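The block underneath contains the structure these notes are about, expressed in structure tokens.
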Amino acid sequence: MAWRFKASKYKNAAPIVPKAEACVREISVGSYQTYGNNIAASAAFMAFNWEHSGSSVAVLPLDDCGRKSKTMPLLHGHTDTVTDLKFSPFHDGLLATASQDCLVKIWHIPEKGLEQSLSDPEAVFSHKQRRVETIGFHPTADGLLYSTAAGCVALFDVAAQKEIFSNNEHPEVIQSASWREDGTVLATSCKDKCVRIFDPRAAGSPIQMLAESHQSITDSRVVWLGNQTRILTTGFDAARLRQVIIRDIRNFNVPVKTLELDCSTGILMPLFDADTNMLFLAGKGDTTINYLEITDKDPYLIEGLRHTGEQTKGACLVPKRALKVMEAEVNRVLQLTSNMVIPIMYQVPRKTYRDFHADLYPETAGYRTDLVASEWLNGTNQAVPKMSLDPAKREHGDEPIVPRLGPKPFSSNTGDVSFDKVFAVPVAPGSHENISNVGQENCSDVPAPGAKPDLIVEIEIQKSHEREPNVAGNGNGNGVQKSLTTSERRKIFEQNSESSGNSTEGEDRTDADLRRFSAVRSSIAERRRVYESRSKSQVDDKAQSPVPLRRESSKVEPLKPSQQLGGNSNVMPASGIDSKRISVPEGKLMEEHRQRGNGAGLKKSATEAAFSAASTKRTSTVFGKVSKFRHLKGTPGHKSTHIENLRNLSRQIPGECNGFHANHERVAVPLSGPGGKIAIFELSRPGRLPDGVIPSLVNGSNIMDFQWDPFDAQRLAVACDDGIVKLWRIEEGGLSEPTNTPQGELTAHLDKIYFIRFHPLAADVLLTASYDMTIKLWDLRTMTEKCALTGHTDQIFDFAWSPCGKLGASVCKDGKIRVYNPRQSETPVREGNGPVGTRGARITWALEGHYIVCTGFDKVSERQISVYNAQKLTAPLNTASLDVSPSILIPYYDEDSSTLFVTGKGDSTIYCYEITDEEPYICPLSHHRCSSLHQGLSFLTKNHCDVASVEFSKAYRLTNTTIEPLSFTVPRIKSELFQDDLFPPTRITWSATLSAEDWFACNDKIAAKVSLKPEGMDTLSSKQQVPALAKKPDHSNFGSKSEYESNKQQEIQKSVSARMEYTTKLEQDEMEGVDENEWQE
């Protein structure tokens, strides 16, 4: 048949999109400026960037679907956007991630997926202050990883955890790289508009070929077309048209085929399947995924059916061994959108799908290789053995191919470790076929097929007898273990893994013999009883889920000298296991400890008792205990308490100013217009404001910030853009007319003032921060400067005093958080990294000054809240992301309840969190959603809360036209009692603890505490106390037993109780039961 009439088997492959219920939904994916595909898949898992910053990675089972929570477990391993991520072709649970933080990290995903968030990788490689762009595994050598950063190509040996090759000959940033299928050479596309063939093992320069490619520097991708001599690149031409170019390395400078597509800004991500020559082009930001078939002759690219759907954020192909071959699925594309992962199945139409269509599935590259990184680097080339996708030729038939999730191909304990030296060998607990017998003479190296992989131990396989001396104690070498081939060891592991799913923890020898079809067969009733007991144990194990996890090293006990084989160097002690790797359920751990007790009952440890008690608790909360304030309720005051008819509110207040301040008597609101006017409203006179001119304070200059004196409800300090702080005193009854005469003026700076802050304990102490990047402290009694703080290199966003009044923390536009001791040093005593966003930030102290809470923005303008240890500011303990909004989150912290309220100007939601001293450090509470947008929020001191109504915080809320009181309460049943568990003695912050003179003289005092309990109100704790048992009548007059006799009687009772036999068996447990034939009848 002529070439032009030859039909392709895959020409009519049609994309089939599942329903939304079969997709991963409600995920959070941003737009990332990276050269990666943002999603990767193995035969067991899928991984993709998470949230707007992209610094975390979500890992889900490949067949997962449904809605996902924002609290799902993630990989928290990078401090910046993850640029690329890839799975190993030989280990489905081995994931590599690269990031803008210049690091490459290796992760091991547990068999059941992520049950808790991971932050400790298995290995870390650094690119030395260069952003890592791409990453990938070698197609034939196990444990060989490549990465690119700027113009550098680096190779890493994952097993040895070291860099084995590095080259910097690329003049610009490498945008993409792809290995040839045989793993001999690498193709790279660079920002200098050239494509190169790269051979790391070549003598001299590794760049073997170079040719000009796409004439745009925006972005380009390269993929090697299987094991052919051709490569395919995608990019843009000089006119910004998207291009696809095919080149043959035998004539590298001349393109074989150039295809011009359309004019769009999204780079085409090429996804190529070498078995079927199917090419998928998914453009970032496009709604279309093109399918083309690559041929050996003209026209080289044949267009197939096109899929149109959601906007693409990323895409990847699923490995062939995970496909549904009995449904004629020849490929599957995972499309990542802004809120979904859509598996698109490409199916070849056939009349029937009952049989396996062998013509659609040629043999594909397997998942086993004997080649390691060191051998490949020394010049060894070895193809990966092919495997068939025919279920009839599979070990498990129609079932999916068992994913290879382990063993881990590397260890961090030693430097010279390879896959041949580190292998996980399962041990059957309680059996004599222990791995310690492998060194004995005439002993089989292959464990029983039914052995359960319960305890993982690391074994060093001796490669040769010549290089390593005999250590078994006999000179003939019989004590040295025979070296198994890699394929044999893998077969052993997979057989054991298969049998582990059917074995139980407490399986006895009789049951094992029955399942292995031993010659000694019992009656049907016995076998049924054994089966029922095994089923019961399986049900009990499932009832423990979810269970806490513990490191494998805590479960493994070091072998005693009497248990170790003398001279056997092939068995490593269990203590050598890497404690960061393997986690086991706590319930399973306890059961094994009980089984290893040799009949002697082991006492429950404190840890075991704690976990057993915790297993009965509700596990729906994010943190360990349910907060008393979890269901706090915000209630606006009645309309009769509102101040209405506000008008002419100023919208020009700087971001460093909160824009609204209130105390228990009056509120201050800035007004628009010239002159810097601030209106004062008396809270004792609510209602509708009369029309006309609103009495105000005329400052004469633009207002930068203002704040009430915390110890004097009549004094207001106003900072202006001329560097002057004006002190106003409001007479009793409030303002009756506009005034421009302040009580005093303080010329603080020669430039604009950012903000002002009163001291929380000392009277007449004011802090000012200016555009000259200095902070000054003033004594308002004498109007003199006492000290100045330096060290800021950019705009100062905020400053907060510690609860003790000794320290202060500032957050700056340069991304730094600084802690000062103003009376000791003008420079910061501690410094750390703060929010990276430059829009603004706020800072406050928490938990008696041991922690610092900072609100700000990340690189993509997403608002976030970070909690720091006040003693270690290097990195936040935890960060909570909210949303993307231009308004700065203004925090208020209630130290008695450890509740953090945050909101921004123009928001309608007040976010509530509890700050704790243990993970996750910031726990969400019930947020309060207002009926309208607010322009400001100001909280009152604790003594003005109505504790009789269980009100633990009170605030005033400024809207466009009203000022409304807002009450935060906790629902309680016995509200007539004083809730002393919610209201501990509170610090007095509404009156001065010491004077300015004492504070500047370092004569510190601790703020006194006062109880908020109203008179005549009973406390809740007093009513909940259990009444003491009535005392027994004193029989001392009738004669009392001596202490010796009492102790002797107790000992006799204990002795008798210990010797009494009791049983929990029932009579029917000993019955034979009915015959099997009767069951069938």
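Every residue gets a Cβ built from N, Cα and C, even glycine.
Just so it is clear, the model here is predicted, and its values are computed rather than measured.
What TrEMBL records for 391-401 (among others) is compositional bias 'Basic and acidic residues'.
Summarising the annotation, TrEMBL assigns compositional bias 'Low complexity' to 494-504.
For 526-558 (among others), the entry in TrEMBL reads compositional bias 'Basic and acidic residues'.
Look at TrEMBL and you will find 561-572 tagged as compositional bias 'Polar residues'.
Positions annotated as compositional bias 'Acidic residues' by TrEMBL: 1069-1081.
For 4-66 (among others), the entry in TrEMBL reads domain 'DUF1899'.
Here TrEMBL flags 622-687 (among others) as domain 'DUF1899'.
Sequence annotations record features per position, and here TrEMBL assigns region 'Disordered' to 390-409 (among others).
Among the features that TrEMBL reports, region 'Disordered' is placed at 465-514 (among others).
Residues or ranges marked as region 'Disordered' by TrEMBL: 526-578 (among others).
Taken from TrEMBL, the feature region 'Disordered' covers 1021-1081 (among others).
Counting same-chain residues at least six beyond the ends of the repeat 'WD' (75-117), those with a Cβ under 8 angstroms from any Cβ of the stretch are 32, 34-37, 39-45, 47-49, 53-61, 123-137, 139, 142, 145, 147, 149, 156, 158, 319, 365, 367-369, 384, 403-406, 408-410, 546, 549, 581, 583, 859, 875. The feature repeat 'WD' is assigned by TrEMBL to 75-117 (among others).
The repeat 'WD' annotation in TrEMBL covers 167-199 (among others). Outside the repeat 'WD' (167-199) by six or more residues, the chain places 35, 133-134, 136, 138-141, 146, 148, 150-154, 205-217, 219-224, 226-227, 231, 233, 235, 247, 249, 252, 274, 365, 376, 381, 383 with a CB less than 8 A from a CB of the stretch.
The feature repeat 'WD' is assigned by TrEMBL to 746-782 (among others). The average pLDDT for the repeat 'WD' (746-782) in the predicted structure is 93.
Tertiary neighbourhood of the repeat 'WD' (789-830): same-chain residues 656, 754-755, 757, 759-762, 767, 769, 771, 773-777, 836, 838, 840-845, 848-849, 852, 854, 856, 868, 870-871, 873, 895, 987, 993, 999-1000, 1002, 1004, 1006, selected by CB-CB distance under 8 Å and a gap of 6+ residues from either end. The repeat 'WD' annotation in TrEMBL covers 789-830 (among others).
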Original post:
With DSSP, how much of the repeat 'WD' (167-199) is helix, how much strand and how much coil, in residues?
Top reply: 0 helix, 17 strand, 16 coil
**OP:** Report, as numbers and ranges, every residue of the chain located at least six residues beyond the repeat 'WD' (746-782) whose Cβ falls under 8 Å of a Cβ in that stretch; write 'none' if there are none.
**Re:** 654, 656-657, 704-707, 709-711, 717, 719-727, 788-790, 792-801, 803-805, 808, 810, 820, 822, 989, 992-1000, 1005, 1007
